[in-house]
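Asker: Please read through the structure below; I'll follow up with questions.
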């Protein structure tokens with residue numbers, strides 16, 4: 001009877017699933033319009049956007065238009081600019097509306113250039129350059145980038161105490177990053193200006209926080225972008241002029257006219273956004289080429305979309321909805337584009353569908369909501385979290401800034417020490433130390449590993465990363481071991497604290513980078529703080545485990561001799577737990593080094609930044625060099641910490 005019921009239940013479940021699949025397919029069929037006379041004729045289109053979320057808007061508008069022309073659209077792919085260019089050139093993708101002309105010329109050329117690719121249309125114009133806050137500009141009469149040659153001017157914008165102006169840069173690999181690097185030499189600013197490189201959104205978040213606190217800001221900016229709605233030109237910020245036009249090789253002939261806006265020479269080529277497409281794809285689909293040429297999006301509409309994304313409407317389905325709303329607002333113009341393409345194909349009056357559609361749209365929509373209620377009802381958790389973080393930033397940021405002070409001091413002293421010691425002396429000291437601790441093989445390996453790091457040009461970056469790791473480990477030990485002891489001595493404390501450790505270990509590191517930026521800013525110290533959060537849990541867990549594993553016999557003997565609980569802890573439990581605690585230190589060291597690549601997104605220098613720059617530029621050699629140095633450093637630190645554990 002039980003077997004029969006189970007089989008019957010299984011059959012019922014299968015029938016229910018099949019019924020749901022049928023309903024879903026029917027609803028999709030009823031809403032889909034197809035026409036064999038449209039230029040698409042069922043052709044599958046593979047498009048892409050960049051990993052910069054704002055670029056998705058124009059891609060969705062174009063894809064909706066292509067759908068109306070009968071094309072089947074594959075899911076939109078997002079990747080870095082160089083990766084997308086390479087994929088389009090190789091024919092893995094058909095097009096991507098992300099070409100910043102002429103800023104992306106190097107990506108275009110490296111991917112194959114005119115032999116494989118083609119630039120089509122003009123979606124909207126671009127303005128870019130350097131900005132500072134108007135308050136500081138008026139106070140010190142700053143109007144030109146060349147004034148930053150003066151150390152006194154540069155020091156006004158110094159945020160990390162090194163005497164140089166900190167310029168908010170952009171993502172490694174973007175054309176603006178390469179352009180700013182070129183300008184440091186062209187305008188002789190290398191000694192007075194330092195570019196903070198990392199995730200642009202993260203860098204801007206820190207700049208906005210400083211601006212709201214009345215502090216000077218110096219940043220790279222472009223339009224259209226949501227930043228323009230917050231920091232308005234000539235009201236909150238000003239564009240800086242440059243002394244003369246200087247652009248890196250690869251742009252061709254560039255005059256002052258190409259870098260000027262409203263009579264101001266902003267130093268960067270003022271370009272336009274276009275579609276990049278596979279050449280053979282365009283040859284086979286002339287209707288699509290013409291459609292790309294027709295599509296135009298006003299800059300103010302792009303800026304509005306960027307603001308909506310900034311306000312939290314940043315999911316793919318949100319941007320798709322925004323695109324549909326834009327099309328509805330510009331219905332006449334959009335339908336004009338579609339009709340022009342239809343006329344090219346001698347089909348000006350194509351019927352909307354070759355399949356009769358008797359289904360009631362309202363009833364069908366209710367069915368879709370019933371099957372997927374999450375598209376209508378959501379909890380505004382993101383808004384609540386954002387509100388909470390903004391409250392902390394507004395009321396407690398000075399407290400969090402005070403936390404930076406000891407970390408900054410320790411990090412600076414360790415980094416200065418590592419960079420001051422001549423490499424040969426450092427290699428000798430390290431070799432002798434590791435030989436003594438871990439044996440001859442590890443000693444020889446340590447010298448060879450760091451020698452290789454030096455010869456591949458990563459010595460300074462490795463020392464900076466090592467300083468970051470050592471600083472993070474020091475503070476992890478100061479915080480982690482006491483918390484581990486507290487967990488071991490109190491079951492109630494352990495039960496309440498372990499869930500927090502679970503969250504710290506499983507939460508994606510990118511998630512807590514955002515509050516770290518808003519509370520602590522950008523740069524090395526916030527990078528250390530993010531690393532501490534990421535690397536702390538293993539040490540707490542191992543300390544807790546080590547003390548709990550101490551045999552009760554040793555503890556009872558201690559009490560028998562009249563020891564106090566504190567003496568038992570210091571003289572019995574901790575000494576016996578040292579090997580386990582050091583295993584936790586080993587894991588913390590490796591976690592800290594692994595965090596270096598992610599921390600580079602918030603302008604943390606070192607080996608991680610080398611890897612990030614290689615990824616952004618699709619430079620396999622640069623990324624491999626940084627990655628190899630990280631691997632060698634990780635093996636070295638692992639062997640040293642393991643050896644210390646064995647000695648104890």
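Placed from the backbone N, Cα and C atoms, the Cβ positions cover glycine too.
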Asker: If you look at how TrEMBL annotates this chain, which of 393-416, 465-488, 537-560 comes out as transmembrane segment?
Answerer: 465-488
Asker: Under TrEMBL, the annotation transmembrane segment belongs to which of these stretches: 360-378, 417-435?
Answerer: 417-435
Asker: Going along the chain, which residues at least six beyond the ends of the transmembrane segment (417-435) come within the CB cut-off of under 8 Å?
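Answerer: Distant Cβ neighbours of the transmembrane segment (417-435) are 442-447, 450-451, 454, 459-460, 463-464, 466-467, 636, 639-640, 643.
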Asker: So which of 509-536, 589-611, 618-637 has the most C-beta pairs under 8 Å when paired with the transmembrane segment (442-459)?
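Answerer: Answer is 618-637, with the largest number of Cβ pairs below 8 Å.
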Asker: For the transmembrane segment (589-611), could you work out the same-chain residues 6 or more beyond its ends whose Cβ comes under 8 Å from its Cβ atoms?
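Answerer: Residues 169, 172, 196-199, 202-203, 458, 461-462, 464-465, 468-469, 472-473, 476, 509-510, 513, 516-517, 522-524, 526-527, 530-531, 534-535, 538, 622-623, 625-627, 629-630, 633-634, 637-638, 641 contact the transmembrane segment (589-611) from elsewhere in the chain.
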